[in-house]
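Below you'll find the structure, written out as structure tokens, and then a few comments.
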Amino acid sequence: MLKSAIVSIVRASTRFAAFTVLIGVFLAVAAGFYTYQHFGINTDINHLISSDLDWRKRDIAFEKAFDQERLILAVVEAPTPEFANAAAAKLTAELSKNNINFDSVKRLGGGPFFDRSGLLFLPKDEVAKATGQFQQAVPLIEIMAGDPSIRGLTAALETGLVGLKRGELTLDATAKPFNTVAATVEDVLGKQQAFFSWRGLVNPEPLTDGDKRAFIEVKPILDFKALEPGKAATDAIRQAAVDLKIEQDFGARVRLTGPVPIANEEFATVKDGAVVNGIGTVVVVLLILWMALHSSKIIFAVAANLVIGLSITTAVGLMLVDSLNLLSIAFAVLFVGLGVDFGIQFSVRYRSERHKTGDLEKALVQAAEYSAVPLSLAAMSTTAGFLSFLPTSYKGISELGEIAGAGMAIAFFTSITVLPALLKLLNPAGEKEPLGYAFLAPVDHFLEKHRIAIIVGTIGVALAGLPLLYFMHFDFNPINLRSPKVESIATFLDLRKDPNTGANAVNVMAPNEQAAREIEAKLAKLPQVSRTISLDTFVPPDQPEKLKLIQAGAKVLEPALNPEQIDPPPSDQDNIASLKSSAEALRRAAGEATGPGADASRRLATALTKLAGADQAMREKAQDVFVRPLLLDFELLRNMLKAQPVTLDNLPADIVSSWKTKDGQIRVEVLPSGDPNDNDTLRKFAAAVLQAEPLATGGPVSILKSGDTIVASFIQAGLWALLSISILLWITLRRISDVALTLVPLLVAGAVTLEICVLIDLPLNFANIVALPLLLGVGVAFKIYYVTAWRSGRTNLLQSALTRAIFFSALTTATAFGSLWLSSHPGTASMGKLLALSLLTTLGAVLLFQPALMGKPRHIDESGDTDL
């Protein structure tokens, strides 16, 4: 019944060939127009998991409550903390004026509130120490505030040397500051880009990268009609940084990360090189088709059939899922790789029949008769393999399976309608030579003669490698699927190195402030937790004592910071004289002494002497290098001395909105201890937090849950694929033994594929795990072709035209998968790599293992025709 139906379809298609082709072209054009109107890609990796899962619902609720998805984090990095803060303040002010691209712009951990209240967040003893240092520095601050120039700086230096004479400090204690100043002067003299931080000078610990960063949180207005909805916003930020001369004035750079830039660059990474790879793939596929078919007319027919099918599949896919995702977009490559298989199988069968009969229409009908069962069974099995993803919670692959499954049905239908019609219209020349591979006769005989040894050896190798699967691991971190070369990911990876940035934070929602405090207290006791943060964190403890210390310091320091008058700017000659005077004072201080302090004094004296002997422009540059950050620090110091009590009631609204929802829920942020870049550390951290607070969400918790979901989906899809394909095979073949002959080589290929993955250190991940259930659908097609030929009594299968069709079909599929391997996107590339590997093992199983496993047919075809 199936055979007669397909033969009837082929007869009708060739009888009305022009009409059939016209309908196919019309549908392809209409589908292309629909695709043009509705094409879209959702690049958000979070949407690859079903939103119906409990943990995903919590993630989504949290993201909506705090608008986390629509976020750009601008990271301002400068050579000094002063310039990082100044550049961020300038950029924040500029972006706040833009109501076209941004809904809101705010500083994180900076701005007026933190400038004024910064001292309150220090421990009480550190506040006392800082205010004490302020009072000791009054004479120096008074000089520099009243004369912010080279003259004032050198005067402050000489005042400090007086303290050295009095024994208030040792010469060696000056080694660090003197060397730091000397190095900066040397950079100026060497015409290098020079920067100086007064904060770094007085800080006992070296400045970290985190000290020299400032953050701006931007909520952009997204254009969802564009393929990159946030591109206008990110472009506006970058242009603002250029217009403000952030790099020239502050030596700063602005990098963007967060969901919006990551999504933008994710799409850019996917399309990067896609055109070149696509063209290369087409060229190679055409070359393979030529080697398989040796006829430009047949190649044109197969290629045209493929284009028509792909156009229709794309439109149908968009109808099914609205927009493609980063995994489902691979359907096009899968369609080319697998859809062309049907075309090659039918065309090679047609060529074989044309060689025997010489009549075009008769050859097409006979090709349909011979191909009907294996081709339709292969199409159904491949479709079943793809559709096995539908019941899973891994939405990204579920949608890929849905589209690719529809694509296989479309490819099969066009291969028995449009392709025969095209061949009828094009009327390729007859075949003069048989299509089999007679040179493979020795291999056929070897497989037959050593059948038992090959079966035992192959299964033995597969079984011996099973212990390797213990070392197979799943890389559950989706960040590893993204290119570390793009700015947004490179920035995120840099931030992740700093445990204080919260890049690996987990969040817990508390119903109220008291519950938040209880959750904080419980989680803070976990060894896997380094610290917790909530709204209460922004209300410093011990404020009365700290405010008294600050007020006492302000009484002494404010007059020095705000002199009644500022000295007129010095002349260049004044600066030269002051430099020489300070150099001489440094040499006197060093005297004949040895040690780091004396060496540093002489080094600084030499640098100041050289600066005095340089041109005026060099001295003006040096003055700018030291004075600009000094004035910024003085302004910050003035603000810090104005600290006022901080309560939950007077916290800035932008801080409150980041930690408290409108209905009163409080966010508790939990940061991990240990190496934040270690997957095992993050897994233990997430597990510990979940055990204490099962409703925790975000960060490593979401990553851990995603990994569990995907592994479960893979197992579920694999079982569904195996079950559905087995049922299809049994319905068609009606023999359990024949079903086993089809599936055993497939399972062996699957086991060997995983074993090789361990040996070449190719872990499974969110993207490439798709290859394994697909292996069932793809690989079973080749097995079906051999089993159906074997059941019909054919022998010497390697010498047949069937092997030619399978070999070149596999080559085209490998080429399509190889194009994925060459992708700039790490996730897509890993998927292509594993697909290509699985195809290689599958081809080896079908060409070498399966003939030995099948042995001689039950009923041998005595015709002796190997050109099948």
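Glycine residues also receive a Cβ, built from the backbone N, Cα and C atoms like all the rest.
Given the structure is predicted, the values throughout are model-derived calculations rather than measurements.
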**Request:** Have a look at 70-90, 805-825 and point to the one annotated transmembrane segment in Swiss-Prot.
**Result:** 805-825
**Asked** At least three Cβ pairs under 8 Å linking the transmembrane segment (710-730) and the transmembrane segment (403-423), pairs spaced 6 or more in sequence?
**Response** no
**Asked** Per the 3+ Cβ pairs under 8 Å rule, pairs at least 6 apart in sequence, do the transmembrane segment (298-318) and the transmembrane segment (403-423) touch?
**Response** yes
**Complete:** Here the stretch out of 326-346, 452-472, 805-825 with the most C-beta pairs under 8 Å to the transmembrane segment (834-854) is 805-825
**Item:** Feature contact check the transmembrane segment (403-423) with the transmembrane segment (326-346), CB under 8 Å, 3 or more pairs
**Value:** yes
**Item:** Folded-back contacts onto the transmembrane segment (805-825), same chain, C-beta under 8 angstroms, at least six residues removed
**Value:** 266, 269-270, 272-274, 277-278, 280-281, 284-285, 288-289, 291-292, 326, 330, 333-334, 336-338, 340-341, 344-345, 348-349, 481-483, 778, 782, 785-786, 831-833, 835-836, 839-840, 842-843, 846-847
**Prompt:** Counting Cβ pairs under 8 Å that are 6 or more apart in sequence, does the total for the transmembrane segment (370-390) and the transmembrane segment (403-423) reach three or more?
**Reply:** yes
